[in-house]
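Working notes, beginning with the structure itself.
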Amino acid sequence: MYSKVFLKPHCEPEQPAALPLFQPQLVQGGRPDGYWVEAFPFRSDSSKCPNIIGYGLGTYDMKSDIQMLVNPYATTNNQSSSWTPVPLAKLDFPVAMHYADITKNGFNDVIITDQYGSSMDDIWAYGGRVSWLENPGELRDNWTMRTIGHSPGMHRLKAGHFTRTDRVQVVAVPIVVASSDLTTPADVIIFTAPDDPRSEQLWQRDVVGTRHLVHEVAIVPAAETDGEMRFDQIILAGRDGVDCLWYDGARWQRHLVGTGLPEERGDPYWGAGSAAVGRVGDDYAGYICSAEAFHGNTVSVYTKPAGSPTGIVRAEWTRHVLDVFGPLNGKHTGSIHQVVCADIDGDGEDEFLVAMMGADPPDFQRTGVWCYKLVDRTNMKFSKTKVSSVSAGRIATANFHSQGSEVDIATISYSVPGYFESPNPSINVFLSTGILAERLDEEVMLRVVRAGSTRFKTEMEFLDVAGKKLTLVVLPPFARLDVERNVSGVKVMAGTVCWADENGKHERVPATRPFGCESMIVSADYLESGEEGAILVLYKPSSTSGRPPFRSMDELVAHNLFPAYVPDSVRAMKFPWVRCADRPWAHGRFKDLDFFNLIGFHVNFADDSAAVLAHVQLWTAGIGVSAGFHNHVEASFCEIHACIANGTGRGGMRWATVPDANFNPDSPNLEDTELIVVPDMHEHGPLWRTRPDGHPLLRMNDTIDYPWHAWLAGAGNPSPQAFDVWVAFEFPGFETFSTPPPPRVLEPGRYAIRFGDPHQTASLALQKNDATDGTPVLALLDLDGGPSPQAWNISHVPGTDMYEIAHAKTGSLVCARWPPVKNQRVAGTHSPAAMGLTSRWAVTKNTKGQITFRLPEAPDHGPLFLSVSAIRHQQEADAIPVIVQGDSIELSAWSLVPAN
């Protein structure tokens, strides 16, 4: 019945990493065609915020325009989201490209193949040129082009170090050697740069093998093999399946991973069409994903048995089909063009992305990008999530928009005349983020990830007002946020943060103690989130929006700070202060008063629940102005005010101390109220009525029970004026601290929990150590030769005076049904809120030093304590069911013994 702002039960083990959100952005629309996209770091010493190179194959009538799209996020304080095209060359039927610093001058050069022909049935007999375009070190067009070599049908290439590390090498593989010839094997070629790559000579050419219908070449750099390999490994995907080539210092070696899709009569395509290597934990080759076959419809993954050696070449691989996307067409092709591995969610294990060209007729399943995530390492099970529904012929991964570790995704529509032409070909990026912004009329919807399941920090500035830049921040568990000491402030919306200074440790949660007041200023250079992560508003100093005191509304102009990568509709918004008398809800009140409102920001979770975290809006009032007494009888939320500027230093919240019926909000008697002054950069605690354990009281209409209350600016002569400015955070109902504060009788830690006296012969246990939700919690009798007592982590729930009890091995929480039922049996679960349970326990100590665990107080129920049943467990003679019972039962005390 009562929602909470904490993101997960406090002592539940760290949640698995969830995929981030993706902010789509058009890089280039209106293209004539589309085939290749590549993330291109302009300099060789940095891969952050790379440019993008994209192009199509072109036609006989129109050469392909090779363009570098300059990343607008590569420079700080850039206000544009436009990717400026720089033409590098015009080529005939270019296919693949890669890059390397060939000249060793610190700038990456482009390596590209062209003169392919219009299709596999039209291979240029004297084509298949491999060239490099020299980077001039500045954003200049028409880069100097030099030839590396030739081989008809040249289709894929990668730069690396395959037999030596002192110069750039290129592995290049044709797909076929002649028009319509699907049977003759093509050479696998290594080109090695000469001493002077700017000379006109061709590069040294070595043939290291032959393969059939190779559609994809990938490399595993030696630097990523944890010292296992001296040189880069080459992954080939073609009719022969998926295999690995590498040079061992003496000779070339081959390891066949798998043969891929089996051959079928009448189908010219079998084997594989694309492959990529995925890291799992400490193994750089935990799995190998594959698209099958040439332009196929099958997604497969190769796995190796548990305990196998790390890497590719010392393991035996087994193929598993994950998905088949629709039937093949009459030409035996489907919609899959590429697979790519990258750590999309930041958990240290790679996901893999599947590029889907599209279908005719259009098909949601076969268009865009799918992301496969490993969810069960033991059984190598994957989940599947749609990232984009825009045609994707190729995928490039990089961090395109920040200096962090997030992985963004770039795609280009597949549009090849005479084969498959997607409508409206375009290049797009999908920027990894924890926050998405969307315009809602005059307000903004900010959708955020669950902090406990993200591995990336996200900061989004959104408003500059009253001398502060307001920034929404999502912090993963145990994450650090650098701030400006004694200047920056934080208002926590979910989770916990803490910092330390010379006075000790300071913790902030969504609400301080009821009717209290607390500073938001951080007295340290950084703060850290707790194990559940945190979502907060960071107040940073601003030189744009003035400094208090604010003498007129002209000094309180609010500035839109949304970053360039959010939708233009959000960036174009104005956030005016509106006189409250002009708001439709004023109904004639506040006439001629210096009382203004600025709306507003909805913060919701970006999952299927779409649960509300808070609504945020700003208010300002001049000297002597009352914001009007009210009690939220028509809306249910818990409101916290965070003051940016207190004009007189005397403004704050007043609330009625008499029964509601005895208070006249239109003509208030201030002697019937109490005041809490809320100074600059302070927030007040809950003003709503709560039960003793911190749950909000509800009225008959399910609204939060508030006394009459109002913000009253300090009294005085408004000449000169001095405005109060505060931010209202309107939360759904949540639990807070107990009233009055109980004594702290228990130190969080790991314990064996024994029933009654510590020498008693029964201890708290989860049946069979079973992590399944709903597993009974028992009191196990100690028997000779039996197992040791199970260990439990007892943890204080931040922002409350309650505790949780989590099984040390499984993470299951000791839970009871909510609303509570007397004599109910207690069970272990990981998701109490979703199952109508509570995991909260109040803790007291009796005169013998024994502990009692009590459920939170609830309407129509007396105290209910964690206890044991008088009836033995039916299936286990040595077990007693654990239940909740009333306070008339003597058997409700427990003893705690520290455990390892």
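Heads up, the Cβ atoms here are built off N, Cα and C, so glycines get one too.
The active site, proton acceptor feature in Swiss-Prot is assigned to His155; the stated evidence is a curator's inference. In the three-state DSSP classification, His155 (active site, proton acceptor) falls within a strand. Neighbour list (His155 (active site, proton acceptor), Cβ cut-off 8 Å, at least 6 residues apart, same chain): Val95, Ala96, Thr113, Tyr116, Val173, Pro174, Ile175, Val214, His215.
If you look up Swiss-Prot, you'll see Tyr35, Tyr116, Met120, His155, His215, His295, His337, Tyr414, Tyr419 marked as ascopyrone M 1 binding site. Cβ-based neighbour count (10 Å, all protein chains) for His337 (ascopyrone M 1 binding site) stands at 27.
Sequence annotations record features per position, and here Swiss-Prot assigns Mg(2+) binding site to Asp101, Thr103, Asn105, Phe107, Asp109. DSSP assigns Phe107 (Mg(2+) binding site) to a strand. Within 10 Å of the C-beta of Phe107 (Mg(2+) binding site) there are 19 other C-beta atoms, taking all protein chains into account.
Taken from Swiss-Prot, the feature Zn(2+) 1 binding site covers His215, His295, His337. All chains included, 25 other C-beta atoms sit within 10 angstroms of the C-beta of His215 (ascopyrone M 1 binding site). DSSP classifies His215 (ascopyrone M 1 binding site) as coil under the three-state reduction.
Taking a C-beta cut-off of under 8 Å and a sequence gap of six or more, Asp345 (Zn(2+) 2 binding site) has these contacts in its own chain: Ala17, Ala18, Leu19, Pro20, Glu351, Lys373, Thr454, Arg455. In the three-state DSSP scheme, Asp345 (Zn(2+) 2 binding site) falls into the coil class. Summarising the annotation, Swiss-Prot assigns Zn(2+) 2 binding site to Asp343, Asp345, Asp347, Glu349, Glu351 and lists experimental evidence as the type of evidence.
Feature annotation from Swiss-Prot assigns 1,5-anhydro-D-fructose binding site to Ala627, His630, His641, Trp726; the stated evidence is experimental evidence. Secondary structure at Trp726 (1,5-anhydro-D-fructose binding site), as computed by DSSP, is strand.
Summarising the annotation, Swiss-Prot assigns ascopyrone M 2 binding site to Ala627, Glu639, His641, Trp726. Every protein chain considered, the tally of other Cβ atoms within 10 Å of the Cβ of Glu639 (ascopyrone M 2 binding site) stands at 20. Classification of Glu639 (ascopyrone M 2 binding site) by DSSP places it within a strand.
Marked as Zn(2+) 3 binding site by Swiss-Prot: His630, His632, Glu639, His709. Long-range Cβ contacts of His630 (1,5-anhydro-D-fructose binding site) within its own chain (separation 6+, distance under 8 Å): Pro665, Trp708, His709, Ala710.
Over the region 'Dehydratase domain' (1-433) the predicted model carries a mean pLDDT of 94. Look at Swiss-Prot and you will find 1-433 tagged as region 'Dehydratase domain', backed by an author's statement.
Per Swiss-Prot, region 'Isomerase domain' is recorded for 434-739, and the stated evidence type is an author's statement.
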Closest of Asn105, His632, Glu639, Trp726 to His337 (ascopyrone M 1 binding site), Cα positions, binding-site residues only: Asn105
Using Cα positions only, nearest of the binding-site residues to Ala627 (1,5-anhydro-D-fructose binding site) (Tyr35, Thr103, Asn105, Asp343, Tyr419): Asp343
Minimum Cα separation from Tyr419 (ascopyrone M 1 binding site), reported as the residue among binding-site residues Asn105, Asp343, Asp347, Glu639 that achieves it: Asp343
Local Cβ density at His295 (Zn(2+) 1 binding site) - other Cβ atoms counted within 10 Å: 22
Any further residue of that chain within 8 Å (Cβ to the Cβ centroid of His630, His632, Glu639, His709) of the recorded Zn(2+) 3 site: Asn631, Leu687, Tyr706, Ala710
Pairwise CA distance, Glu639 (ascopyrone M 2 binding site) versus His295 (Zn(2+) 1 binding site), rounded so that it is a whole Å: 56
Zn(2+) 1 site, defined by His215, His295, His337: further same-chain residues with Cβ within 8 Å of the Cβ centre: Glu216, Gly273, Ser274, Ala291, Phe294, Gly296, Thr333, Ile336, Gln338
Residue among the binding-site residues Thr103, Asn105 whose Cβ has the most other Cβ atoms within 10 Å: Thr103
Cα separation, His295 (Zn(2+) 1 binding site) to Met120 (ascopyrone M 1 binding site) (Å, whole number): 13
Cβ-centroid neighbourhood (8 Å) of the ascopyrone M 2 site, Ala627, Glu639, His641, Trp726 excluded: Trp619, Met653, Trp711, Val727, Ala728
